[in-house]
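These notes are about the structure you will find just below.
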Amino acid sequence: MIDKAIVRCVTETDLSGNSVPILPGPRSPSILCFPAVAVPTGQSRPARPFRSGVSGSSFQARNFLGPGAWAVAMGAGMAQLEGYYFSAALSCTFLVSCLLFSAFSRALREPYMDEIFHLPQAQRYCEGHFSLSQWDPMITTLPGLYLVSVGVVKPASWIFGWSEHVVCSIGMLRFVNLLFSVGNFYLLYLLFRKVQPRNKAASSIQRILSTLTLAVFPTLYFFNFLYYTEAGSMFFTLFAYLMCLYGNHKTSALFGFCGFMFRQTNIIWAVFCAGNVIAHKLTEAWKTELQKKKEERLPPIKGPFSEFRRIFQFLLAYSMSFKNLSMLFLLTWPYVLLVFLFCAFVVVNGGIVIGDRSSHEACLHFPQLFYFFSFTLFFSFPHLLSPSKIKTFLCLVWKRRIHFFVITLVSVFLVWKFTYAHKYLLADNRHYTFYVWKRVFQRYETVKYLLVPVYIFAGWSMADSLKSKSIFWNLMFFLCLLTVIVPQKLLEFRYFILPYVLYRLNIPLPPISRLVCELGCYAVVNFLTFYIFLNKTFQWPNSQDIQRFMW
């Protein structure tokens with residue numbers, strides 16, 4: 001019987017035994033450690049002190065502690081160091097955000113773009129006017145943003161004695177989104193810790209850099225400074241996903257409902273949380289099925305798309321079992337209840353959109369999926385675009401040329417028959433998408449067809465980066481992605497933010513060099529975006545208002 005190894009550390013100035021049990025570290029060179037090594041019970045062995053922070057101390061500690069205790073001690077040290085890195089990254093990001101917020105507040109004294117609808121509505125709520133007669137019919141989203149804003153700014157008037165004019169001001173309401181951005185930073189970090197394996201020391205730096213990179217993702221980061229629904233929508237959706245990963249599905253469904261109150265399409269990402277649970281169970285059953293076939297030595301199914309046929313047959317057999325369905329229902333019933341509430345809302349409301357529906361009509365806009373692939377390729381190019389990736393893709397195309405020929409024909413057909421140009425896209429020259437459409441797609445009719453190979457490569461590269469996830473997880477993700485963006489007639493990069501962040505969270509942690517490259521590119525894009533928005537203003541011929549370029 002062996003006693004556990006214990007390390008007892010005391011300071012040089014107090015060797016009387018009245019010491020505290022702390023581990024030595026590089027920042028405490030004046031600590032002497034007396035390791036009590038593992039010896040048989042009842043025997044004693046004199047402990048030899050070693051000085052922490054001097055040459056050879058790591059070797060001595062490893063010998064005295066043993067590999068298990070040493071690994072625990074090192075793990076605790078690395079976790080503490082990671083906490084320092086995280087705090088520094090969050091503090092610096094928030095400081096820069098506050099400086100940018102100040103610049104925005106000085107430049108934008110009045111509501112801008114969609115703020116002309118959101119800010120007056122929030123101010124009416126802030127003043128206690130919650131009746132439907134006070135609702136602006138031009139607003140198409142539910143009042144989640146306004147309700148949370150009132151819940152944040154109203155207590156400030158009670159605590160600090162501020163007047164209603166101050167707490168309901170444009171600056172205070174915009175600051176709510178800056179608070180959401182801090183929450184998003186923390187949630188992204190927690191999600192990276194949960195989603196990504198923690199099996200090496202470098203992964204802590206990779207998680208911090210990945211968190212920082214996604215927190216300043218240009219399309220998302222820009223809207224932290226305006227009174228839009230993006231920051232709050234992201235916060236509650238990420239919170240729902242985190243709770244789902246921890247198995248707290250009732251809380252996840254509750255946050256999913258909060259996300260729905262910010263933007264109706266977020267109901268799809270609540271369904272994705274349920275799909276995450278289902279995909280996990282399907283993966284377990286699929287592995288069991290493959291092991292069973294291997295033991296029985298059954299001949300594999302051969303022919304075109306054989307893998308998809310096998311998966312389809314498995315799903316069909318799995319769904320025919322009442323036991324399987326009842327188990328999945330017991331796991332996902334909070335999400336099922338949320339979907340029923342959504343369906344009731346659609347029936348009562350007469351549709352998903354509230355308010356002005358003339359500009360938000362659903363359609364089958366399949367090229368939106370191609371635009372999203374291109375968007376992802378552009379912002380994740382350090383991970384998705386490389387000579388080796390291109391070479392692998394070309395080899396695969398040659399090996400499966402019939403498959404890719406069919407995919408190309410289908411893609412061309414979808415571009416031909418299902419490309420739409422929303423009136424806002426054609427008329428509003430304040431958005432970058434206006435110039436992308438005008439100078440790329442409208443310049444030559446054939447451009448949209450010539451880009452099909454780029455779409456296919458981008459889609460393949462994106463799917464290839466997710467190969468660490470199970471086939472069923474990928475199936476759930478791409479189905480939700482399709483459901484979210486294809487019905488949108490308007491091409492607007494804001495609609496790609498949530499699916500992009502969820503995608504980026506689930507790819508394997510890239511090398512530090514690629515993360516630094518990605519972060520540097522995001523910093524450059526953000527600098528240009530903010531500089532153009534704040535300094536390169538213009539006016540329309542029939543208006544005296546200052547106009548600005550934005551996402």
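Heads up, the Cβ atoms here are built off N, Cα and C, so glycines get one too.
Pulled from TrEMBL:
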type     : residues : note
TRANSMEM : 84-104   : transmembrane segment
TRANSMEM : 172-192  : transmembrane segment
TRANSMEM : 204-221  : transmembrane segment
TRANSMEM : 328-348  : transmembrane segment
TRANSMEM : 368-385  : transmembrane segment
TRANSMEM : 405-426  : transmembrane segment
TRANSMEM : 446-463  : transmembrane segment
TRANSMEM : 470-491  : transmembrane segment
TRANSMEM : 511-534  : transmembrane segment
*To the transmembrane segment (172-192), which of 204-221, 368-385, 405-426, 446-463 is linked by the most Cβ pairs under 8 Å?*
204-221
*For the transmembrane segment (511-534), which partner among 84-104, 204-221, 405-426, 446-463 gives the most CB pairs under 8 Å?*
204-221
*Short question: which residues 6 or more past the ends of the transmembrane segment (470-491) have a Cβ under 8 Å from it?*
265, 268-269, 271-272, 275-276, 278-280, 282-283, 286, 311, 359-366, 368-369, 371-372, 420, 422, 424-425, 433, 437, 463, 498-499, 502-503, 506
*Report, as numbers and ranges, which residues of the same chain sit near the transmembrane segment (204-221): CB under 8 Å and 6 or more residues beyond its ends.*
78-79, 81-82, 85-86, 89, 93, 181, 184-185, 188-189, 192-193, 196, 198, 230-231, 234, 379, 493-494, 496-497, 500-501, 504-505, 509-512, 515-516, 518-519, 522-523, 525-526, 529, 551
*Determine which residues of the chain contact the transmembrane segment (446-463) at the Cβ level, with the cut-off under 8 Å and only residues 6 or more beyond its ends counted.*
367, 369-370, 373-374, 376-377, 380, 384-385, 389-390, 393, 396, 404, 407-408, 411-412, 415-416, 419, 440, 474, 478, 503
